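Asker: From TrEMBL, here are the annotated features:
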type: ACT_SITE; residues: T169; note: active site, nucleophile
type: BINDING; residues: R197, V198, G199, D200, T220, G221, H222, G223; note: substrate binding site
Amino acid sequence: FGEMKPVIVVHGGAGRIFKEREEGSRAGVVRAALQGYGILKQGGSALDAVEEAVRSMEDDPHFNAGCGSVLNEKGEVEMDAIIMDGKNLDSGAVSAVKCIANPIKLARLVMEKTKHMLLTDHGAQLFAQAVGVPETPGEKLITERSWERWKKNLEPDSNPEEFQKDLGTVGAVAIDSEGNVACATSTGGLSNKLIGRVGDTACIGSGGYADNQSGAASTTGHGESIMKVVLARLILYHLEQGMSPEMAADAALDYMKTRVGGLGGVIVVNSSGEWAARFSTKQMSWATVKDEQLHHGIYAGERHTKSVDEALASGSGGF
């Protein structure tokens, strides 16, 4: 077979990216892609690469995941995350977790240290304590922006729907030099959501899916719509039917739009290392590295390309 050329693709969420946050979103996805690729280049696993890329975005306040997550109706951060290994279909996920800086790390530990796939809320918290994941005070995860938005949404004439367009789930998919694929997705969910609401992110097949036989996908967008069509698994089904990643992504997004009126975005890598980043929303920040080339964009049809060396030389994001 020979060595597979490693590929990583990341997204920083589909929706509407406000002008003042555009540059931060670009820099954040580029940084995450370069960090994940660094792991792959040293012969690291797809699993480690997607976890690292997502952790990088959780720590970045520009995204609705980890630090910078949106607040629920009570003004708290409740986060969901999933990771999946395409080799044996192992997966780990957490939902409605609070006071943890990196839900994606906890999801990975659920996968590796328990017989279960999904732990929620208080149980996830107890597990985190048991495996020595440090607690982060809840207010440390709350940014000024999330706080302002939460207060705005409480006003009697507010329209929370307006704000939900700016979602910012984060995710990554990768294939490593051994041909293994993996996906990881993490989110703070919907602004002013009901307490205990779990969206697509923590649900296997919706927020993400990875299978070495076909590829890996990570999704973003309106969670309830994504769950209705099991979007990530639907994309892989299209790959299994022989579609290219781009065709598979477009077909699945198109079905979600026509069938349930839902908008979103997806990143895909197939088992031969072809990739796609597609979205039906106005925007989605994304970046990918393949063949030592970095590509990234936010708007439909937009694609910037430079060499990895050039990007690394010009600082974190390379702008």
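A Cβ is built for glycine as well, from the same backbone N, Cα and C atoms used for every other residue.
Just so you know, TrEMBL annotations are computer predictions that nobody has curated.
Bear in mind that the values here come from a model prediction, so they are computed numbers and not experimental data.
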Asker: Around T220 (substrate binding site), how many other C-beta atoms are within 10 angstroms of its C-beta?
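Answerer: Taking all protein chains shown, T220 (substrate binding site) has 32 Cβ neighbours within 10 Å.
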Asker: For the residue listed as 'active site, nucleophile', what residues in its own chain, 6 or more apart in sequence, show a Cβ-Cβ distance under 8 Å?
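Answerer: Residues satisfying the criterion: H11, G13, A14, N64, A65, T185, S186, T187, T201, G207, T219, T220, G221.
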Asker: Max Cα distance spanning R197, V198, G199, D200, T220, G221, H222, G223 (substrate binders), Å?
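Answerer: It comes out at 16 Å between the most distant Cα atoms.
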Asker: Given the binding-site residues R197, H222, which one has the fewest other C-beta atoms within 10 angstroms of its C-beta?
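Answerer: R197, out of the binding-site residues R197, H222, has the fewest neighbouring Cβ atoms within 10 Å.
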Asker: If one looks at the chain holding G199 (substrate binding site), which residues at least 6 apart in sequence have a CB under 8 angstroms from its CB?
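Answerer: Result: D80, T187, G189, L190, K193, G207, G223, E224, I226, M227.
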